Amino acid sequence: MSVFKKKDKSDDKKKKHDEETPQGTFQPASQSTSNTNLNSLASSVNNGASVGSTNGSTPNNSNGSTPTYNHNNSAEELEKQKKEEDEKRKKSELEAAAAVVAKKKEDEEKQRKEQVELERKRRDEEIRRTNAAAANAANKELNEQVEISSLEQMGKLDPSSTIHDMFSFFPNEVYNSYEKLQYFSRDLNTAVSHPEIVFVGPRSSGKSSLIEAFIGRALNIVGGGNIVGVGGSNANGCSKRVLYLQFTNNIDFEVPKVTIKKDNTIKEFDHDIIVSIEQLNENLAKRNQLTNDYIEEPIYVSIESRTTLNLTLIDSPGLLFDQSQAESNKIESIVSSLLRPSHRLIIAVESCSQDWKSMSMGQYLKKIDPELSRSTFVFTKFHHTVRGFSSTRDINKYLSGTVPDIKGFFVTLPNHQVRASYSEANRFQEKIYQAHKRDMHALEQLQYDKRYERTIGVAPLRRYILNIVWKSYQDTIPRILKHLRSKRQTAEATLNELQKQSSSLDSTKLRSIASNYTVTFLQITEKLLSGTSEGNPSANGQTLDEEKSQQGDCGEWVDAYKEAIYIDPEEWNIPYWSSKLYGGQQLERLMAEFKAVCDNSKISEVKMDDIATASGINKLNNIPNYAWAASDLTSLISRDTFVPLIEQLCERAMYIMKRLTDIADKVIDSRRKSRCIGSSPFGGNGLNNINSGGNNGININDRLSNTDMDSLDQYPFFTHHVKNLYYDFVHRAAKGCKEKCMDEFYSSRTIYWELTEHPDSSLPSIRNDHHETKTAVCQLATKLFDSIRQRITKNVLLKLYNFFLVPMQTDLWNEIQAQITCLSNEQLEQLFEVQATREQLKQEEKKQQQILEKYSQIDEQFLKAASLFCRPLSNPTPSA
């Protein structure tokens, strides 16, 4: 009994221990079981020991055999429990593994069933789509047959009918005359703008279908379903890009030549491609398959034909008024950029609706064309709307419900299946005619108001637009003719002028031209020296820095050692140093600059060697003459200092005078231009001033012949001869002035004589004290240098004025005029190159005569072509 009791106590302790162990503590299953068994065993042993000690008073238990037996029994039980728990653990692991395998098989089976179900649904969907496509094709075929049958009931197009497509709208004579007008405008370099027409409207409103109907050819740019097109229902069609159809008149192509221009956005199409009309749709589809979004880069298609006027039709992307805001805004931005140029005609295309309030294009266009002055409205799918009316009152009310004062047309176009089936030009035109006739038949049944007949159908719309195009070119004819006549008059005037020049090449006339030019040249030169703004100082004048930079090495002042002399014009008070001057004022500034340089010149250092050598021995008392030394040194230093400055002064003075020839030429050219525009530089009418002589105070230049002065460009040798005479005189005047200036440098003896008139007792008489000697001589030399500098500066400026500037204003006239007057007839002919000039004038006359004859022929041909082109055409204006 004690053994079982101990076991029960051990179990109680084990249970208590398990309850006290935290649940969050992680222990492996085997370890936990072993610990539990060991605890149970220890508990049993302790309990046994406790019982033994308690019953120790009993004699039967005093030998201690019972505790040994209980210990062995507990070990066996512990081992047994361990085995049982190991078996349970293995069994649970096997069960878990089996459960995982079963779960995996179950998932695989479920996935297989789902795949089977998806495959079945896919097959069902394919079958459904195939059936739907077949049904749709059958419905389309049925609708096409119904549409064709409905159109065929309207009868065939009469070959003699006046219904023409765009390529046969005008007679051949009109296209031929138009080609000639274009040729004349190019030959005359007169730009003629080509009309541009933009088709705009909501998506699926029929813009591109209307373009095809307007042209009268199935260009296959429209499609739906499996046919990719511009304006069809296919969202991947050309409607994502703007399409320019550029029609060009070219007499070389009887059959229209279609060229798709290079596409910079797609590398595959970076070159022009020539295609047939049948291949146009395929090529456009390829381009748009590579376009993922709406882009502003357009597609350009050139269509050249002998029977077309130059115009451009622009097909825009369809507007989306009820779609996402981002996409709609992008399309509106592209379309608005197309409509914004004010020279473009706008064709607003919109599907008909019995409720005018639901029409959206009117409000949209008013944002761009507020007065709707260049907008025309075309309402498509008119047949479906007409079938909804049952009374005359309702149909007339509908037709009169358009916005007042707008140009509107109602059209019905064959659907794309019919257009694809009848793409041949005549058959396509016939279907358009039948659709129009069907509309008119329905309107006749309703007894509509005949006033609206001119607004119904493609033919009135085509006539209306082409007449606008024709009238735009007709309006350019007077401008081209005016330009032609202006060129003809210019050619006649040039020819007359050449004939006058040729007849004037005699000695008397040449002498008159020579005298007139010489007088004009000398007079302008004198005015530029005296002071005048006629030479345009802002353009022809020079600042002090510009004057020096233009002269190069001679521009900067240098001393005797070729070192540049720094000048601060502002500090040295040089007048007008930053102003643009020429002539006399520029020479005055040069003289002021020369004076400033001289005034700031200092005597160079005097060395003792020079003093000792220059002093010498006085012949009277053998005492050194330091006054003589100072005079000699001052004479040498002043010559070395001022001679380079005088030479530079003369060089720059010659440069200023030589500049006057170019300025005089510009003044003469300015006066000639003033006469050409009917004015004179002296005021009033040029001819009146010239013929008025001196009675009104006009100087001699006013008596010059306009013809003589205007023809001076023909005689460059003579004008150069006059300028060379002027340059020679300037050189001689500058040379004489320089020689006069050199007289200012006195000899040492002259300076000494002047100095000894006022002897200075401060000069030392003993040569032993070198420092005192040098100081005294330097002071005297400096005093002498300052006196000489003042005298030279003053006298040089006076001589420059008297011997250089004054002769330019007096002797220049007499000398040059005398040399020109004394020229013999042979010399004049040589200077004027009479023989070469006559040959040149003959060639120019011949050339100008050919030009005049050409313009006369063009004038005659142009008038004939304009007469053929300006045939009377009806220009219907649709009623409101």
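Each Cβ is built from the backbone N, Cα and C atoms, and glycine gets one as well.
Under the heading coiled coil, Swiss-Prot lists 69-152 (among others), citing sequence analysis as support.
Look at Swiss-Prot and you will find 479-509 (among others) tagged as coiled coil, backed by sequence analysis. Averaged across the coiled coil (479-509), pLDDT in this predicted model comes to 86.
According to Swiss-Prot, the coiled coil annotation covers 824-861 (among others).
The annotation compositional bias 'Polar residues' is assigned in Swiss-Prot to 22-31 (among others).
If you look up Swiss-Prot, you'll see 532-543 (among others) marked as compositional bias 'Polar residues'.
Under the heading region 'G1 motif', Swiss-Prot lists 201-208.
If you look up Swiss-Prot, you'll see 227-240 marked as region 'G2 motif', on the strength of sequence analysis.
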Outside the coiled coil (824-861), six or more residues from its ends: residues with CB under 8 Å to it: 180, 184, 187-188, 481, 484-485, 487-488, 491-492, 494-495, 498-499, 501-502, 505, 507, 510-511, 513-514, 714-715, 717-718, 721
Chain residues outside the compositional bias 'Polar residues' (532-543) and at least six past its termini with a C-beta under 8 angstroms from it: 524, 550, 577-583, 586, 659, 662-664, 666-667, 670, 681
For the compositional bias 'Polar residues' (532-543), the number of residues DSSP places in helix, strand and coil: 4 helix, 1 strand, 7 coil
